[in-house]
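Everything on this sheet refers to the single structure shown next.
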Amino acid sequence: MALYVVQFLTGLANASSLFLAACGLSVIFGVTRIVNFAHGAFYMLGAYVAYSLTQRLEGGLGFWAGILVAAAVVALVGALLEMSLLRRIYRAPELFQLLATFGVTLMVEDLVHLIWGPQDLVGPRAPGLDGAVTVLGLPVPTYDLLLIVLGPLVLGALWLLMHRTRWGVLVRAATEDRDMVAALGVNQKWLFTGVFTLGIFLAAFGGALQIPRTAVTHQMDLSIIAEVFVVVVIGGLGSITGAFLAAVLIAELNAFGILVLPGISLVLMFLVMAVVLVIRPWGFLGKPIQTGVKTIGEATRPWRPWSPATSVLVAAAILLAALMPLLLGSYGLSVGAQILIAVVFAVSLQFQMSTGGLDSFGHAAYFGLGAYGAALAVEWSGLPMEAALLVGPLAGLAGALVFGWFCVRLSGVYFAMLTLAFAQITWSVAFQWVEVTGGDNGILGVWPSDWASSPAAFYWLTLAVAVVCVLVLRHLVFSPFGYRLRAVRDSTVRAEAIGISRQRTQYVAFAVSGTAAGLAGALFAFLKGSIFPDVLSIPTSIDALVMVLLGGVATVSGSVVGAIVYTMASIWLMSATDLSRLVLGAVIVFLVVAFPQGIVGSLAGLVAGPLERWRRPAGAARPVALPAEGRQ
Amino acid sequence: MLKTLSRLFAISTLVGTGLVASAPAGLAADIKIGEINSYSALPAFTEPYRKGWQLAVEEINASGGINGDKLVVISKDDGGKPAAAVTAANELVARDGVALITGGFFSNVGLAIADYAKHKKVLYLAGEPLTDAITWSEGNKYTFRLRPSNYMQAAMLAEQAAKLPAKRWATVAPNYEYGQSAVKVFKELLKKAKPDVEFVAEQWPPLGKIDGGAVAQALAAAKPDAILNVEFGADLVQFVREGTTRGLFKDRSVVSFLTGEPEYLEPLKAEAPEGWIVTGYPWYAVDTPEHQTFMKAYEAKYDQHPYLGSVVGYVEFKTIAEILKKAKSTETDDLVAAAEGISLDTPFGKITMRAIDHQSTLGAFVGKTAVKDGKGVMVDFKYEDGANYLPSDAEVKKLRPQG
């Protein structure tokens, strides 16, 4: 009995830690709709700054002053970031802020290394709170008790701030209806800056509070980011109380779960999220989301198939690509093959995101399933490469059919998070099921057939696959199915009124996308010769997202360029410098500011804008934007 | 738009051409070595490692190089990802034309490079990766490994554990291949040495995400006599803090992998656990002449004490130099023939690269942790030669694919 009580208290302490880290994200998302990927980076910065301050400040007062000053300093950095970077891109397509904050995260990782050095740092324990008190005969750390109190205290303070102050009323009004608040003359700019700063203060505070418990390391940001998103989503986006409930649920399930299943922690959180989202599509206390302006359908000029001139140019580009083996050495060709595989992976996601309007955070699942499908086909049945390359996309398709069935019931960020949950579950299966997948040690010896083993042959193979994939997916966009899919994306209500089923249409798109991703994964396995669970991990999903966003989410196949630029840059930077993340992050941030519609989207706008003005007689009516969907 | 797209496509392909076709021209008398490690992902380990190999290369070239030729190292980052490591290996082998490749930290990165080495028939000397698979179940002709493997460290610790009176054991290990196989081998060897032990609880927190309090409490609930710990890094810090506050380690023996390595012990400062039986590297107290020479040279160059990673990097390149000198060629087959059975002196003493499974006999220090002057240290330690902690040749032949 005593054990269960103490385990419950430990769970509560962890719930508080988790809530303190996550509540800032919920505050920021609720108002600004920014998916702030840099939340983990600020959490980590809070811990590092607090470490430095508490090394200098002595005693109980010094310790707590250090924690609070650290949070304030980091919040200031957050405010500067909001004013200098995010303000410029609020009008960019949804999720573009995700890309910008991803770039910031990359930069912070290297900056932390440059400032605080490579070693893990262990900060002081909280003075006077380093002992334990006895509860039912078992010791409970006093610092845990403090955390247990602190979580609800912060929750209460936030509630008062939101409900009993003028500022809080404005923030809540902005959460409900941004445009109306602006129409009433509230300066949204400063409201957003204030909210962002508050959110970052909470993130840094959460990070700083961890220094008496654990080491301060470079991995803190990535180890917390997925968890805080999960907490916020389970709780219901924008609901702070919901986030608290979710944190308690997860921490308690973990505390008791490990007594029964010691390996459960790895997957528990994502299992809970999948179950919650399937049962309650908007989390505990969330409301059906107002997606605001659905940018994809409106911001673009209507998509058109290639004109004859463009087709000729594309053909020339393909021809040039096919001639590369005459120019490049074997290393260049294998990099080329990797880029082409990234192209397939990126366009598979773009089909789903741009044409289907389904933003997936878990596209790695289908890439990884394809890779594992192909690798297992070789390892078990000794299938040749040609057959394994068919098994890969089938594995991707199978995964997409199973997961997609649940996912397409949801929309917006909830859809994205459910795809992430399924990707993480797939990852943990590959990671845990050692007998089949080899676990972390992966599957080795997946090399191409003899005819394709020369770098040039394999390059041509990937080129052929990439060209066919891009053309087929483009063809689908302009087929009757593509029109149905775009209709559903742009106006679900109208589409359903004329007899198009949203779920069925999106389900098919999801399956097509998963199949293509699986094909990319299968090729990837043969390119590398071995396959490990990291192909299924979050960074792989992020890579795909970055490629699509860089290329331009409002384009048909801009991700081709996004994939080429991003893959080439990361391979080259990785090879050329140890500070590859700093440079890559800076490049991404620059591209986000310079090309707020993605590379292809922005360039197309530059070319097409003047042309349209020239063609259209002055004063002619512009097409009226459709009212935003999702406000039913 | 699509015009621009295709133009961009063409431009970037052209840029790509320039990027990759311009191979740097090396001097004829240079011997190029390719080195890959997780520099950006794991700087705490790889920075001392890099300092170690840079010192070795400097010493090798200062004393006449390889039979007169200069050793040149091309170093690449893998970001902790196996796929990126294969890209880097390919760049080194296919573009830069290195004689052999070396490095690696994570086991899966090591295995990915080893498989590449087997496929491309190039010698790979793995430095850090600990997994037994790299020399045994996935072992191949072209891959060699320097550090004492998981099995060897487990054998050293199991030998000490068998001397304890403890009967009831609990284990805690990160939930991935390294943790799993460390626990598995330790269990097997301890049961063999002492059949009456029982394992009463196990905890498998995810790597980097331990929930220290809950794990410590769950272990304590099983009332074990002793605990086997495989946690390291930030997880170790959290586990030690929570375990200490909750009295988990009071009157219990703890046997722990790697905890004595300065990389992991040093950050804990005065909070380092006391009396744990650990493997590690007490650089402050190893007073053999070989080690003193190495340490003085290292401290003179970097104004910093060596870490275990420093020794691994240093010995790695000393081994490479010996292989190259013996082979008198950079052909892979000659190098493999030279590497099999080669012996050399290291800061830890003489080691041999076993021909039977390509595992070196580099050992580790086994001792107890203590706190001195507010720092965690190893005391009562002894250097255990790796050669004494490997299974018999007959068993190794069964473990490793033959032919």
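Any Cβ shown, glycine's included, is placed from N, Cα and C.
In TrEMBL, annotation is done automatically, which means it is predicted and not curated.
Straight from TrEMBL, the features:
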TRANSMEM  A:6-27  transmembrane segment
TRANSMEM  A:34-51  transmembrane segment
TRANSMEM  A:63-83  transmembrane segment
TRANSMEM  A:95-116  transmembrane segment
TRANSMEM  A:190-212  transmembrane segment
TRANSMEM  A:224-251  transmembrane segment
TRANSMEM  A:258-279  transmembrane segment
TRANSMEM  A:387-406  transmembrane segment
TRANSMEM  A:413-434  transmembrane segment
TRANSMEM  A:507-527  transmembrane segment
TRANSMEM  A:547-575  transmembrane segment
TRANSMEM  A:582-607  transmembrane segment
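In summary, the transmembrane segment (A:95-116) does not lie against the transmembrane segment (A:6-27): fewer than three C-beta pairs, each 6 or more positions apart in sequence, are under 8 Å. At the 8 Å Cβ cutoff, the transmembrane segment (A:547-575) and the transmembrane segment (A:507-527) share fewer than 3 close pairs (sequence separation 6 or more) and do not count as touching. Listed by sequence, the residues of this chain that lie at least six past the ends of the transmembrane segment (A:63-83) yet keep a Cβ under 8 A from its Cβ atoms are 38, 42, 45-46, 49-50, 52-54, 56-57, 104, 124, 126-127, 192-193, 196-205, 208-209, 211. Residues 334, 337-338, 341-342, 344-345, 347-349, 351-352, 355-356, 358, 360, 363, 365-375, 385, 388-389, 391-397, 399-401, 403-405, 407-408, 446-448, 452, 458, 461-462, 465, 469, 473, 476, 481, 485, 535, 544 of the same chain, all 6+ positions outside the transmembrane segment (A:507-527), place their C-beta atoms under 8 angstroms from a C-beta of that stretch.
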